[in-house]
Amino acid sequence: MEDFVRQCFNPMIVELAEKAMKEYGEDLKIETNKFAAICTHLEVCFMYSDFHFIDEQGESIVVELGDPNALLKHRFEIIEGRDRTIAWTVINSICNTTGAEKPKFLPDLYDYKKNRFIEIGVTRREVHIYYLEKANKIKSEKTHIHIFSFTGEEMATKADYTLDEESRARIKTRLFTIRQEMASRGLWDSFVSPREAKRQLKKDLKSQEQCASLPTKVSRQTSPALKILEPMWMDSNRTATLRASFLKCPKK
């Protein structure tokens with residue numbers, strides 16, 4: 001799973017996921033499913049923000065090619081992926097500027113158009129079950145919840161999906177692709193089922209023990225070049241390092 005994650009996600013997303021797990025004292029070598037889940041969640045958050053701006057009239061617009069003459073403001077402030085201290089500083093600044101109620105838990109985004117914090121969820125289970133779990137944890141009507149699944153389903157607070165259909169379809173397509181790529185490598189079942197994941201981990205550890213005493217032959221063959229997909233972020237100093245092209249999983 002770790003190899004899959006490193007091949008299929010943008011290196012900056014992988015780096016952010018590594019930092020997040022380290023911050024909570026989790027070992028990505030063991031918690032490989034969580035590693036994959038964090039990377040997926042980060043990517044969805046960034047895709048949610050992609051191309052969405054507020055024009056001079058205060059209207060929400062979608063711009064994919066960027067007009068250097070347009071005075072545009074990012075519609076969404078990305079909070080997910082930031083250091084916790086910085087994230088809370090950003091939230092405090094937003095609340096002081098907009099008058100928004102400060103959330104008890106770190107949300108993922110802030111929507112400047114609708115003036116609300118957003119909690120993004122990506123689930124391997126039923127969307128309504130995960131939605132209820134999120135709502136029960138947050139316990140705030142001020143934070144908007146939007147849940148996506150790997151099967152193309154989604155659920156949002158008061159059926160308000162925030163984004164246009166095309167933007168949401170882009171996210172759903174990416175999640176479905178991740179699911180297909182995992183399935184083709186025999187990783188999907190363990191990603192969905194914790195019991196299967198534990199069984200697979202024990203199997204891998206046993207296999208490593210059996211191979212430890214065998215002679216090792218070093219391969220000089222280089223890894224296949226990763227193909228670059230269409231960039232999903234526009235030029236901006238705020239998230240420049242994160243707007244590199246997404247990487248396509250190399251086929252085995």
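Just so you know, glycine gets a Cβ as well, placed from its N, Cα and C.
The N-acetylmethionine annotation in Swiss-Prot covers M1 and is backed by experimental evidence. Residues within less than 8 Å, Cβ to Cβ, of M1 (N-acetylmethionine) and separated from it by at least 6 positions along the same chain comprise T32, N33, F35, A36, L187, S190, F191.
Residues annotated as site 'Important for efficient shutoff activity' in Swiss-Prot: L28 (among others). Secondary structure at L28 (site 'Important for efficient shutoff activity'), taken from DSSP and collapsed to helix, strand or coil, is coil.
Residues annotated as site 'Important for efficient shutoff activity' in Swiss-Prot: L65 (among others).
Positions annotated as active site by Swiss-Prot: E80 (among others). Close to E80 (active site) in the fold, though at least 6 residues off in sequence, lie H41, L42, C45, L106, D108, L109, I120, each with a CB less than 8 Å from its CB.
Marked as active site by Swiss-Prot: D108 (among others). Classification of D108 (active site) by DSSP places it in coil, neither helical nor stranded.
Look at Swiss-Prot and you will find R195 (among others) tagged as site 'Important for efficient shutoff activity and nuclear localization'.
Annotation comment: Swiss-Prot describes K198 (among others) as site 'Important for efficient shutoff activity and nuclear localization'.
As annotated by Swiss-Prot, site 'Important for efficient shutoff activity and nuclear localization' applies to R199 (among others), with the evidence given as a curator's inference.
Marked as site 'Important for efficient shutoff activity' by Swiss-Prot on the basis of experimental evidence: K202 (among others).
As annotated by Swiss-Prot, site 'Important for efficient shutoff activity' applies to K203 (among others), with the evidence given as experimental evidence.
What Swiss-Prot lists as site 'Important for efficient shutoff activity' is K206 (among others), and the listing cites experimental evidence.
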Least Cβ-crowded entry, counting other Cβ within 10 Å, from the recorded positions listed as L28, D108: L28
